[in-house]
Amino acid sequence: MAALALALQGCREQTSAASRFHSHEVTGASYGRDWRMPDTAGVMRDQSLLQGPVSYVFFGFTQCPEVCPTTMLELAQVKELLGAEGSHFQAIFVTVDPERDTPEILRAYLDSFDTSAIGLVGSPEQLSSMAREFKVFYQKVPLELPATAGSEGAEGSDAYYTMDHSAGGYVYDRHGKLRLYSPYGAAVEDLAADVRQLLSE
């Protein structure tokens, strides 16, 4: 996380004076240039997915209590604010919990926000490789089992856990070039304005 912050800070210092964007401008950062992961339909995707529309790449998981559903709702709102241009904006959700997020579960989750959102779910090895490409942090965090009558809560169940992961998303222009980092909690209107600016280029 510290390395990511320093990298983003360096990019911001170079571009802040002339930036036209609300999000952090990170043009030139070498994130997400070489990766492969299947989508929820089983189609193998790679960095060419980022060419054509403006893309927002986000890492999360379907059982995330706050950050992930909030982000997906806000991305759907961005698309709505874009109006007719919304068809040229795509949300790409990479699950950090492939153990529980099957393609079917991830697809149903995304459809509850935006049926055009693209979900990527791969093997643990594919996820590790892609996370390195995007400088994303994630880890499994065991939870204490709920106490039952006459017993104490305890850790130790492999199935009872949550995930810690980086929040925020990466915004790519229509040529598949990384341009912006949008932190978690950014205003929907500001992100929509940034996407509109990229679409106009």
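For all residues, glycine too, the Cβ spot is worked out from N, Cα and C.
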Open item on the list: Using only what TrEMBL says about Cu cation binding by C64, C68, identify which of H165, H175 is listed for that site too.
Closed with: H165
Task: Mapped DSSP class for C64 (Cu cation binding site), helix or strand or coil - done: coil
Task: Cβ-centroid neighbours of Cu cation site C64, C68, H165, 8 Å, sequence order - done: F59, G60, F61, V67, T71, V96, M163, A167
Open item on the list: I'd like to know which of these binding-site residues, C64, C68, is least surrounded, judged by other CB atoms within 10 A.
Closed with: C64
